[in-house]
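Peer 1: First the structure, then my questions, so here it is.
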Amino acid sequence: MGKNIIVELKHINKRFAKVLANDDVSMVIKEGEVVALLGENGAGKSTIMKILYGLYHATEGEIFINQKKVEIRSPKEAMACGIAMIQQHFSLVEAHTVTENIILGHCKGKIDFTEKEKEIQALADQYHFDVPAGELVKNLTVGAQQKVEILKALYLNAKIIIMDEPTAVLTPQEADVLMGFVRDYVAKGNSIVFITHKMKEVLEVSDRIIVLRNGKISGTIEEGEIRTVKESELVNLMIGHDLEIIKAPSMTGTDNRKNRLEVEHVSLRSKDNIPLLDNVSFSIKEGEILGFAGVSGNGQQELCEAIYGARKLHAGKVILDGEEISQLAVKERIEKGIGYLASDRYRYGMISGMTLSENILLKASYLKNWVKNGIIKWKELNNYTENIIQEYKVKAPDHEVVIGSLSGGNQQKVVVAREVDRGEKLIIFDQPTRGLDLGAINYVHKTIMREKSKGKSILLVSTELSEIFALSDRIAILYKGKIMGIFQNGELSTEQIGLLMAGYELKEA
Amino acid sequence: MNNITSLLARAFFMSTPLILGALGEVIAERTGMMVTAVEGIFLIGAWGGFIGAYISGNLYLGFLLAMVCGLMVALLYALTTVYMNQHQIVMGTAISILVTGFCTFFYRVIFGIQTTPLKVEVLSTIQIPILSQIPFVGKILFSQNIITYLAYLLIPIILFVMNHTALGLTLRSCGENPEAVDTAGIDILKIRFAAVAVAGCLGGIAGAYYSLCNVGMYTSEIISGRGWIAFGICFLGNWNPVGALIFGTVFGVSEAIGVYVKSLGMSTMPSELFSALPYVLVIVLTVCRKDLRAPNKLGQNYVKEN
């Protein structure tokens with residue numbers, strides 16, 4: 001199609017200890033195009049790009065830039081070749097200003113900060129980025145921080161920008177702005193590699209799609225085919241088989257059920273008195289799923305912890321089945337039948353170095369089920385764990401393996417099983433599918449729907465709008481610790497929710 | 001009045017090594033490295049300084065040897081922590097203990113067991129022309145030794161480098177987000193290694209200050225926790241050279257009070273009580289100090305993936 005090839009990767013292999021992360025991957029990046037790298041977690045899409053950016057070193061294989069063979073040993077050498085990469089987790093120094101972050105490593109001797117600030121501001125204005133060059137990065141929104149990362153690349157005159165899951169942290173509007181930039185930037189003859197697992201944005205923005213699975217390229221969609229390719233075909237390339245489709249929940253029959261959880265005027269403040277939750281009120285009926293949409297960090301985790309009892313309320317009440325539980329300890333709330341799947345599994349949900357049985361026991365060690373006179377009833381616990389392995393199709397040899405040795409999806413299944421069991425009345429799911437692959441996501445979704453049909457109340461927090469839409473009966477939007485509104489699923493468009501997520505009232509829009 | 005003048009002059013005199021040590025610590029900690037070997041670095045500085053000065057008969061050669069000794073210990077610490085990824089607190093403490101044994105042993109190997117301690121002439125004061133003639137202030141600030149003047153001169157230099165140069169920006173970034181430094185194409189490990197080395201040089205000189213400026217001899221108790229006090233001053237001073245100056249002076253005053261009370265020879269109160277003042281002060285001030293902003297990745301090693 002006449003476009004010049006700038007970068008060519010030939011037969012790249014990358015081995016981490018025993019794992020083969022990239023297996024004979026060959027691809028090209030052409031001038032003025034957006035290439036999407038699509039794949040599940042662990043498919044090797046970030047790895048191959050980190051090799052190109054010099055963060056990793058390929059075990060085997062060659063890299064050509066402008067037809068010349070090159071060795072890229074460090075990011076510095078990659079930058080010298082005009083390649084920049086924006087990591088999924090930004091590498092910004094939060095305590096420093098935008099300018100300091102951008103010039104880090106690219107200035108010498110004495111720095112004239114006012115001069116540099118002007119230069120950076122001019123660059124930001126040129127791309128219509130609303131980023132104050134003198135501001136501390138920690139005071140910026142996530143969307144603006146991403147722009148700082150992009151400015152870092154632009155400051156170095158990068159010709160190729162690699163973006164790793166760039167929309168994961170953005171509101172739909174911010175994502176649109178980003179897509180706008182992507183278009184402008186490639187129109188000037190530059191190239192962008194877009195690493196993602198979201199089908200929608202792939203089809204929206206890319207000129208070519210490369211799909212990876214298990215470290216290998218499982219398919220390529222060329223420029224001519226991109227308008228005709230179906231999402232289901234891409235899914236098939238990504239995971240190797242089709243997905244079951246989850247039925248959207250019925251909205252009838254919930255009206256005359258009684259309220260299970262009532263949260264009344266709950267406020268919460270941080271140590272330095274910053275409000276984390278501000279007068280939050282809502283209720284969840286039996287057999288109902290209330291989905292909380294919002295950009296992460298807007299009080300979702302605090303809300304879950306407040307209901308679960310891990311945080312002390314500053315004001316307000318939490319009521320379960322007509323009984324106030326605001327003053328109860330976590331242990332007592334667990335006994336009342338509240339399950340809580342924390343968003344950060346590694347930190348709050350499991351102990352990597354312990355076995356599956358021990359992790360099942362983790363939150364129930366003081367309940368009578370598994371402990372008699374202070375002694376653990378191993379036999380019953382182990383049988384129970386074996387059942388979970390069967391029932392949830394956990395890929396694990398037995399109950400004695402260490403949970404840390406399982407894949408993320410299988411770890412999550414075990415933790416979900418435990419919480420589903422604890423939560424006889426209410427289950428709180430905080431980002432239950434974060435970082436999981438499509439198969440595991442599907443399974444977790446099915447489990448949530450199953451528990452709903454048993455009459456349990458479910459509070460679902462997710463940053464993925466598609467997940468909220470697929471599962472919830474009603475949708476609440478959190479912004480800076482406030483509820484922006486609660487709506488029936490289907491009442492709002494994606495765009496309207498996006499506005500609410502960004503803190504705009506709907507009337508203004 | 002005379003008493004107060006000499007007390008304050010003494011305070012600035014005693015604060016010098018603490019400030020030097022704390023400045024080194026500030027430089028290293030801003031890159032994320034806690035130099036927990038600081039006590040050992042001080043001690044080997046005192047030891048090396050004395051030996052160099054006693055054998056050569058030249059105090060400045062003593063300071064040079066002290067600097068080299070401090071550097072060596074710091075390099076051992078940096079090698080094991082920065083490049084071999086060992087725990088910073090465990091490694092630093094172990095090295096400090098090793099240094100204690102090393103110094104005592106080799107002091108005896110070199111000089112044998114002495115009935116009366118060997119002595120050198122202490123570093124003389126330099127009266128700065130005109131300035132030292134100012135009443136009150138002149139005696140306190142401008143009748144000190146060369147090391148004190150150099151320590152104070154270092155403060156604006158470090159401040160400038162930290163806040164107005166590319167090197168300073170890199171240093172500060174290393175302690176906040178090593179990954180950002182790495183992706184910017186800078187060898188973060190090299191920066192940390194060098195920063196610890198600088199802290200070693202300054203700590204070595206600080207240690208020698210006790211043997212060559214204060215008492216003119218070496219004993220194995222000569223440092224007795226002052227390295228740790230310098231370590232604490234870095235914290236209290238919020239990882240800032242000016243903070244190091246302020247809190248270094250506070251501790252200088254408290255040390256001077258201890259010495260002053262001892263010289264009074266009061267029979268009602270044991271003077272040891274006042275010698276304990278700096279150590280008590282560390283605890284009290286640390287508990288009271290609130291708005292500390294430690295470098296984000298302080299004490300955490302950085303391991304490169306590849």
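Cβ atoms here come from the backbone N, Cα and C positions, even for glycine.
Curation does not apply to TrEMBL; its annotations are automatic.
Quantities reported herein were computed from a predicted structural model and do not represent experimental measurements.
Okay, these came from TrEMBL:
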- B:6-28: transmembrane segment (TRANSMEM)
- B:35-55: transmembrane segment (TRANSMEM)
- B:61-82: transmembrane segment (TRANSMEM)
- B:89-110: transmembrane segment (TRANSMEM)
- B:149-171: transmembrane segment (TRANSMEM)
- B:191-216: transmembrane segment (TRANSMEM)
- B:228-253: transmembrane segment (TRANSMEM)
- B:273-288: transmembrane segment (TRANSMEM)
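Could you tell me the structural context for the features on the list?
Peer 2: Within its own chain, the transmembrane segment (B:35-55) has Cβ neighbours under 8 Å at 17, 21, 24-25, 28-29, 61-70, 72-74, 76-77, 88-89, 91-93, 95-100, 102-103, 106-107, 110, 118, 120, 196, 199-200, 203-212, 217-218, 220, 222-223, 225-228, 230-231, counting only residues six or more beyond its boundaries.
Outside the transmembrane segment (B:61-82) by six or more residues, the chain places 33, 35-37, 40-42, 44-54, 88, 91-92, 95, 99, 120, 147, 189, 192-193, 196-197, 199-205, 207-208, 211-212, 301 with a CB less than 8 A from a CB of the stretch.
The list of residues near the transmembrane segment (B:228-253) in space but at least 6 beyond its ends in sequence, with Cβ under 8 angstroms from a Cβ of it, reads 7-8, 11-26, 29-30, 34-36, 38-39, 42, 152, 154-155, 158-159, 162, 203, 206, 278-279, 281-282, 285-286, 289, 291-295.
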Peer 1: Among the recorded stretches B:149-171, B:191-216, B:273-288, which has the greatest number of Cβ pairs closer than 8 Å to the transmembrane segment (B:6-28)?
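Peer 2: Maximum Cβ contact count belongs to B:191-216.
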Peer 1: Near the transmembrane segment (B:149-171), which residues from the same chain, at least 6 beyond its ends, have a CB less than 8 A from one of its CBs?
Peer 2: 16, 19-20, 23, 26-27, 30-31, 126, 181, 186, 191, 195, 241-242, 244-245
Peer 1: With a Cβ cut-off under 8 Å, give me the same-chain residues at least six positions beyond the ends of the transmembrane segment (B:273-288) that come close to it.
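Peer 2: Apart from its flanks, the transmembrane segment (B:273-288) reaches 225-226, 228-229, 232, 235-236, 247, 250-251, 254-255, 257-258, 261-262.
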